[in-house]
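In what follows, a single structure is set out as structure tokens and then discussed.
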Amino acid sequence: MLKQRTIKSIVKTVGIGLHSGRKVELTLRPAAPGTGIVFSRVDLPTPVDIPASAMSIGDTRLASVLQKDGARVSTVEHLMSACAGLGIDNLYVDVTAEEIPIMDGSAASFVFLIQSAGIEEQNAPKRFIKVTKPVEIRDGDKFARLEPYFGFKLKFTIDFRHPAVDKTGQELEVDFANTSYVREIARARTFGFAHEVEMMRELGLARGGSMDNAIVLDEYRILNNDGLRYDDEFVKHKMLDAIGDLYVVGHPLLASYTAYKSGHGLNNALLRELLAHEDAYEIVTFDDPQAAPKGFAFDAQTAFA
């Protein structure tokens, strides 16, 4: 059977919160089959466990924020994206602040951390959410849609009227049957505009943001001396975010995702719309790994790698 996966050993790292600018300690621990991805605020007087779920996402203005009993964990999307890309089903994430550290602004550090811990298959069937009917959410001209597909593919279009972004391509389509998440998506960094960063800092946000963890643009160009990691890094990062946003549904999706100018809020609304229609999805497993869609029947060390 196609099995669930966790990590083999405990791994730790330290980084800074994008908005607080404060040091954050992050510990990843193995979890039993059926646990899911569980975030734990171990810095609180009584630690609070917050399982990743579509219904636990609260604030989505600047990141995807999990909330429970007054506790929050912000900016979970890059770590969730890495878990999706490596096929991790079960994991405890201990964090000492209300933000996951931003690291280099991509998912690459989390991919490295998980691969360093080692990936272990567990004796339980991997569960998928198979989309059986189209589901769509719109907000003005923005939209996000899930449609039936035997695999996982995404098409994302952005629309930033900026000369540097225009040059790199504003649309990307990826099918993980033939694309490596680790090589083609994981290293894409978050990006922002210099004038917006200044405004955010005045509001007490983005205190940890720098060219070490983001692509920064002025009105005309990219300010980072090292340039871009991918020719189309901007739209690839939006896809990286979407993969993480969608993975909070609790299981990998078997679906085709199409989006135009979508963000954390619209992605979460799409998951809630899906879950509200019980006839739009079903939970499936694969007794024969070879019967699973290409890209999911991976060996124990790589998923979309």
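Numbering starts at 1 and runs along the chain as it is shown here.
Cβ from N, Cα, C; glycine included.
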Handout entry: Residue from His19, His78 that Swiss-Prot also lists as binding Zn(2+) with His237, Asp241
Key = His78
Practice task
Would you mind checking how many other C-beta atoms are within 10 angstroms of the C-beta on Asp241 (Zn(2+) binding site)?
Solution key: 24
Practice task
Count, for each of the recorded positions His78, His237, His264, the other C-beta atoms lying within 10 angstroms of its own C-beta, and report the residue with the smallest count.
Solution key: His264
Practice task
Could you measure between Asp241 (Zn(2+) binding site) and His264 (active site, proton donor) for me? Cα positions, answer in whole angstrom.
Solution key: 8
Problem - Rounded to the nearest Å - Cα separation of His78 (Zn(2+) binding site) and His264 (active site, proton donor) - result: 12
Handout entry: Cβ-centroid neighbours of Zn(2+) site His78, His237, Asp241, 8 Å, sequence order
Key = Glu77, Ser81, Ser106, Ala107, Ala188, Arg189, Thr190, Lys238, Met239, Leu240, Gly244
Fill in the blank from the handout: Rounded Cα distance in angstrom between His237 (Zn(2+) binding site) and His264 (active site, proton donor) is 12
